[in-house]
Structure formats: structure tokens, C-alpha cells
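Here is the structure we will look at, set down as C-alpha cells.
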């Protein structure tokens, strides 16, 4: 018995020491973990955020050549002068080499300093499948609009063509009135492909000018026009003889290379030789730096706008099918000489307008978001009502005279076309709109869209005391 009691004493002492050591070691580890957390997670410096552009793109931008000579950043306390608020644009902002380098497009020739620059691009050509879809939708919309306006006395394509063909300033006196008998706008669409960007020499811009080349092909389409007229013999007396003529012109195939380039607003308009120069005025000659006063030389708008210039290369292909019928009783059908004359005239008309070196310059539309051009998709009435309820302060009075006359006299027609102006009652159910707003369908919207019930009428805080019946 004594021997067993002697063995139990060392075992209890050893277990108490092991418990104390484990307890102290656990407390020390907890203190170290808390200290490391405070040091590295609370007082540690945050790592710089990674650049999303460098992670998403395989290319890495090199430092700009202007980074070494760039001025030091200004302090926020330094107030800029009121006459120069906009920061200056670098001189190389429109340089072709800078634009292509920043967009990762390899279009600069190997030896750009040579006199004759090589017009080619080492970049892979684009297929333009998405562009073909957009162009097809646009052409289809134009065809549908032309058909819907066929009965309009002034806006139809028939009226426009008749007025253009019977222009007294261009039509010869031996041709009687031209009547359009058939018009076909076609059913197919042009196919664009093999788009490439090249750099061409331009003395008006620094480093040349960028130009897009697109191969276009349109074939097997029913694009035609048929007219009837008469050849009048006015000698020895007026209308001494009349020869009826009927023509039908169809486009069999058209293919070529379309050139598109942007003309900045500061660049003067491209010099396009005119086949009919305007006669000089009888007054004194203007000064060297004076502006011309002729209304045909000055654009109607004084605001400078960027323009887009497009043309076709001279190696285009335009195949026409001309059918003719001459005479009243004994008729001559499909005379080869008549077909040659008509084809030569059509080719001359086309080359005088859109074949290099002549280009067509069109002003780019204003893409700045304006409330007058804001529309709502017809299939999102319910979603639009909920979004408008959350933004009642952004409502605009569309029926006020000042708003309709802000951008021009025909602004009301544009709003009606876009579905924003006064319009007749719509066939869809408008209960969802009238239940939230006091707006009558078919009438102009009120200056403020007043809700029938305020949002605070049915709002209750969870756990709040009920209000007294007489409380306001």
C-alpha cells in the first residue's frame, strides 16, 4: 500500500506541469497571432491595384515619348486662368503613328521617310460581318420608308426623281418631260469585306492621314429604274417631230474599293474640281483675305464639324443592263448605240462625284446625348414606368414651346417620329402607367408627373408605434 501511494505522487505532479506548460503555450500563440494580425492586416500598406487594361490585353503600352518632357503636375491650389481652362492638346494628338501605336494597329510602312510611301497594311484584314448586318438593316429601313411614303405628293421617291430628271437647268431642250414608270430598290444588300487601314500622304495634317479601304460587292440584285420620254425636233418650227423613247436601266453588278477617311474640323474642305464653275460676279474683286459672300460657297452652319469623306478607287466595276424601245408604230428594241450612250453617261455621272480624286464630304451627326432625342423602346413600357418612378425629378415637359423649338422648327415632327411627342392613343394597355402617374395616354405630358399617392403614405417603420387616428 505504501509503495502504491509513492508512485501516485510523481504522476500527479507531472500532469500538473504539462497542463501549465500547454496553457502558457496556447496563450502565447494567441498573443502572437493577434499581434501579427494587427501589424500586417491593420497597419500594413495596401498593395497598389493592378491595371485592368494590362491584365485584359496581351499588349503592354510603352511609355509615351512625351513622358520625359511632360510638365510637372499642378497642385490643386493653383487655380487655372479663366481664359485657358481646357488643357492643351499635344501636337501629336492627330499624328498617324501615335494613333496606330496606341491602338496596336500595324499600318505604317517599313520606310515611312521615303518619298513614295508604300500603301499597304501589315495588319490582318477585317471581315466586317457585323458592319454588313448594320448596313443591311439601314438599307432595309430606307426601302420600307420609301414604300410607306409612296403616296405622299412631296416626300416620295417618285416625286424626288421626277423633279431631278426634269430640272430645267440640266435637261436639254430637245427632250420632253421625263416620266418615271417603274422603280425597284432591290432586295439584296452590299457585302463589305477585307477592311484595312493605310497611311496616306496629306500636306494638311501632321504625319499623313489614315484611310480605311473596304472591298464592296453587290450582284444579283433587282435595282432598276424605267423612264419614258420623247425626243422633240424643234426645227424648222417647234415640235415639228416627236419620237417616243422608253428606257430601262438595271444594275447587274457593282464591285470596287471604298475609301473612307475623317476630315477634322480645322482642315479646310477638300478641293473637288467642279464640272460647272460658277460665273464671276459683276462687282469689284474681293480682297485677298476677304471671305466670299456667295451663299453657295459658305456652308449654312457656321459651327465647325468633323466630316467623313468617302470615294471609290478608279478600278471599280459597274455593269449595267440597258433596254430601249424607240418609236410609236414601228418600234426599235434594244438599240446597241443607245445602250452605249446611256452607259457612258451613267459612268460619267458616277465618276464626277465619288471616284478618286473626287470625294463626297458628309458632316458627322451630333452624337451628344440630348433629352429631345431620347426615346423609349416600345416593348419596355412596364420597366420604363418603374424606372421613371424612381427618378421623378428627371421628368421633362415635352409639350412646352421652348423645348420643341430648341433644335429647330421640325423638332416636333422628330419627337413624334421617335414616339415622344403628341400622338394618338396607343393600342397597348396603359393601365400600368396611369395607375402610377396622372398622365392621359394621347395627350402631352404634364410639366411634373404627379403621383396619385405619395410614397410615404404606405411607408411604416418595422416596430414603430401606430399613429393616432387624428394625427396629421
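Using the three backbone atoms N, Cα and C, a Cβ is placed for every residue, glycine included.
In Swiss-Prot, the annotation transmembrane segment applies to 23-43, one of the ranges 23-43, 44-64.
Of the given residue ranges 270-303, 304-337, Swiss-Prot assigns the label region 'Disordered' to 270-303. The average pLDDT the prediction assigns to the topological domain 'Lumenal' (1-22) is 62.
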